[in-house]
């Protein structure tokens, strides 16, 4: 079994080691279908936030302070603004680029001051950057400092799959690399990387190794270096409706540890192949690759297919696993950026049997 406390210690040590130069750090969790990526990410988030909340309660912090940005941050300067024709197409569903891996996301200015980043999946897979709020009290009593960034929300919607040249194959292979808005997920990674690389403008004097005795020193440094950053919202995936839902997740100003979770974070194909470089550019990252026996995940995924209503029997679930999930799981092993790039670092295998 995984030692979650050890993983939490590693995550906090990554934050401690970079607290002087990076506002945020990135942790990537990858693995085949059924390996428990989501569960690992959720437990990691809960345990990190619980430790921080315990610290706040022990230190009697009524609220935490947030400093303004010392200079403006441009998160979308590399993107074109969608013209009127393109905006009209986006509002109508935006299906013309659904299979275009080379489509470059565009930005759309909203009436509320927010900026939408739209890729080939249209509004269903859009990323929203919200304007800074003007309210006087912006500080909750127990903010979360860890946030999950799941890849699932970038599944192309079923309506978008209907517009593939071969919609039957698109639906059958849903969950495969080409059935995601990889364009916009990559763009989200680039945006988040920019926020990671912000100088927190706070220089700690605490130790760089996290253990039970000095975690408070790290949390002191974190609490004294919050910056008023724009909120970044992105889609999640609703298994009940089997489609992405816009603005389901948010990275807020208090987020200091990003937990990216998904099947293709290290896949060496099309847009996926650029994610590692985007995250590595922060200089403050680690990837955990979940290793697990294939017969274990076959049973897990088959049962999940039955429970979700995708399949009517365990036998049918196993057949679906072998026709799609197994293929995708083997793909991320054979086509990993680790196999193609000797300069890849900070990627470690962990078992989750």
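Cβ from N, Cα, C; glycine included.
Listed in Swiss-Prot:
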- 31, 32, 33, 34, 35, 36, 37, 38, 39: ATP binding site (BINDING)
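Residue 33 (ATP binding site): 20 other CB atoms within 10 A of its CB, across all protein chains.
Taking every protein chain shown into account, 35, 39 are the binding-site residues, and of these the Cβ with the most other Cβ atoms within 10 Å belongs to 35. For the ATP site, the Cβ centre of 31, 32, 33, 34, 35, 36, 37, 38, 39 serves as reference, and the other residues of the chain with Cβ at most 8 Å from it are 40, 290, 292, 297, 300, 352. Annotation for residue 37 (ATP binding site): spatial neighbours 29, 30, 31, 261, 262, 263, 290, criterion Cβ-Cβ under 8 Å with sequence separation of six or more. Taking all protein chains in view, 25 other C-beta atoms sit within 10 angstroms of the C-beta of residue 31 (ATP binding site).
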